[in-house]
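**Q** One structure is given below, represented as structure tokens, and several questions about it will come after.
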Amino acid sequence: MPAVLGFEGSANKIGVGVVQDGKVLANPRRTYVTPPGTGFLPGDTARHHRAVILDLLQEALTESGLTSQDIDCIAYTKGPGMGAPLVSVAVVARTVAQLWNKPLLGVNHCIGHIEMGRLITGATSPTVLYVSGGNTQVIAYSEHRYRIFGETIDIAVGNCLDRFARVLKISNDPSPGYNIEQMAKRGKKLVELPYTVKGMDVSFSGILSFIEDVAHRMLATGECTPEDLCFSLQETVFAMLVEITERAMAHCGSQEALIVGGVGCNVRLQEMMATMCQERGARLFATDERFCIDNGAMIAQAGWEMFQAGHRTPLSDSGVTQRYRTDEVEVTWRD
């Protein structure tokens with residue numbers, strides 16, 4: 001019964017999780033929150049992670065009821081993500097692995113999300129919509145790879161929402177995307193925004209530039225409310241995501257869709273995806289904020305799958321990479 005300890009810290013979330021044979025035994029997490037109207041810088045984020053990571057490690061062990069002797073492997077996020085936060089977490093993971101004399105596993109962050117989603121929902125072979133602050137991809141498994149069928153050609157959908165939140169000076173606590181979602185529920189007017197789908201790919205930079213440009217003018221003249229703009233932005237970008245996901249499902253003949261990543265816990269996105277799946281006679285799988293948002297357990301779960309399949313990361317290769325595509329990883333643990 002292997003138990004894997006997972007470290008995640010690729011962006012502003014830092015988490016340490018413990019997974020043992022398909023059960024999440026612990027999953028504590030902290031978030032680096034910045035003032036309204038600002039984002040989070042790599043150096044500041046890394047300092048936050050370094051300040052709390054050992055407390056999180058102790059919390060995870062206490063919560064799981066395990067000791068260092070019970071842990072069989074140490075997994076950490078190798079990438080993709082922000083350089084400084086990734087390094088700060090990788091250093092701790094390497095150190096713990098050597099102190100405890102445990103094997104080390106570098107995990108692809110995106111695959112961590114997918115494996116966590118599969119574990120929690122029970123989806124067998126879904127078409128995956130992976131949406132977060134740093135990534136936007138439509139993925140399906142084929143021949144030992146998670147193949148990318150479509151993706152953003154510029155910024156991620158979560159980054160688009162976060163940056164618009166800065167324009168309106170929306171709070172970053174608990175997250176700008178969550179606060180936009182709550183404001184959008186009170187929106188009544190749909191403002192027409194650019195809709196940019198290019199084949200299987202999407203583009204969010206143009207819609208962001210447009211709404212940044214017109215927001216203050218429209219608000220000043222009373223043409224719309226901040227809630228209307230949040231509503232309009234959500235409806236437009238989510239419709240784009242649903243379109244490319246449905247096209248990938250049609251191509252793959254898939255009857256399952258799985259939403260993962262931090263934006264995946266947005267209830268409106270889940271509603272729109274559910275409608276599309278219902279019309280196709282397919283099933284939608286999604287998780288809540290415990291597992292959608294970056295967390296240590298997802299890295300532990302992907303690490304558990306890799307550990308069982310015989311993967312190991314030598315210390316000489318235990319660095320990080322800010323660019324680490326989902327389809328670079330050979331998925332030997334699936335048929």
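Any Cβ shown, glycine's included, is placed from N, Cα and C.
Bear in mind that TrEMBL entries carry predicted annotations, made automatically and left uncurated.
Sharing the features that TrEMBL gives for it:
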BINDING   His109, His113, Tyr130, Asp294  divalent metal cation binding site
BINDING   Tyr130, Val131, Ser132, Gly133, Gly134, Asp162, Gly177, Glu181, Asn266  substrate binding site
DOMAIN    29-300  domain 'Gcp-like'
**Q** Counting other Cβ atoms within 10 Å, pick out the least crowded of the binding-site residues Gly134, Gly177.
**A** Gly134
**Q** What is the Cβ neighbour count of His113 (divalent metal cation binding site) at a 10 Å cut-off, with all protein chains included?
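**A** If we count other Cβ atoms within 10 Å of His113 (divalent metal cation binding site), we arrive at 34.
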**Q** My understanding is the cutoff is Cβ-Cβ under 8 Å with a sequence separation of 6 or more in the same chain; which residues meet that for Asn266 (substrate binding site)?
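**A** For Asn266 (substrate binding site), the qualifying residues are Gly177, Glu181, Gln234, Phe238.
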**Q** Starting from the Cβ centroid of His109, His113, Tyr130, Asp294, the recorded divalent metal cation site, name every other residue in that chain with its Cβ within 8 Å, sequence order please.
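**A** These residues sit around the divalent metal cation site: Ser10, Cys110, Gly112, Ile114, Ser132, Asn135, Val260, Gly261, Gly262, Met298.
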**Q** Sequence gap of 6 or more, Cβ distance under 8 Å: name the residues on the same chain that satisfy this around Asp294 (divalent metal cation binding site), in order along the sequence.
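**A** Long-range Cβ contacts: Glu8, Ser10, Ala11, Lys13, Gly15, Arg29, His109, Ser132, Gly262.
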**Q** Would you mind pulling the longest C-alpha to C-alpha span across Tyr130, Val131, Ser132, Gly133, Gly134, Asp162, Gly177, Glu181, Asn266, which the record has binding substrate, in angstrom?
**A** 18
**Q** Suppose you look only at the domain 'Gcp-like' (29-300); what would the mean pLDDT be?
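**A** Mean pLDDT across the domain 'Gcp-like' (29-300) comes out at 97.
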**Q** Cα-Cα, whole number of Å: Gly134 (substrate binding site) versus His113 (divalent metal cation binding site)?
**A** 13
